[in-house]
Amino acid sequence: IDYRKCQASQILKEHGMDKVIPLPELVCTMFHISGLSTQAEVNNHSNKEYGIFQISNDGWCAEKQEDVANSVCGILCSKFLDDDITDDIECAKKILQLPEGLGYWKAHETFCLEDLDQWRC
């Protein structure tokens, strides 16, 4: 699914993300990393990034079922490519607990620190 910004914002709000991070910043970041597409899959050096949040297989999710228990989010990376973004959001909440928060996604600093009016719904 390719979401529109206000669709994405509404779903994020339904899952309490507005209490974690300002939604315009988050939606802007998501747009710049995945185009708000659940099917975005990117090879990034030796890692692969999945879904609307571009969650990395570098410890956050697992490529193989037998590695799921050792991943931070306890999920197969391929699950981030389906149309249900509930599990993506739950994993993103864990990423946002990192000291760098939204800074985990480089696009945030580059594109989403100011002039956020276009990302409001």
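Please read every residue number as a count from 1 along the shown chain.
Backbone N, Cα and C atoms are what each Cβ position is placed from, and that goes for glycine too.
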* Asked: If you look at what Swiss-Prot says, which of Cys73, Cys112 makes a disulfide link with Cys91?
  -> Cys73
* Selected from Cys28, Cys61: Swiss-Prot disulphide partner of Cys112 -> Cys28
* **Cα distance (Å, whole number) from Asn44 (N-linked glycosylation site) to Cys61 (disulfide bond)** => 15
* **Assigned conformation of Lys79 (Ca(2+) binding site) - DSSP reduced to three states** => helix
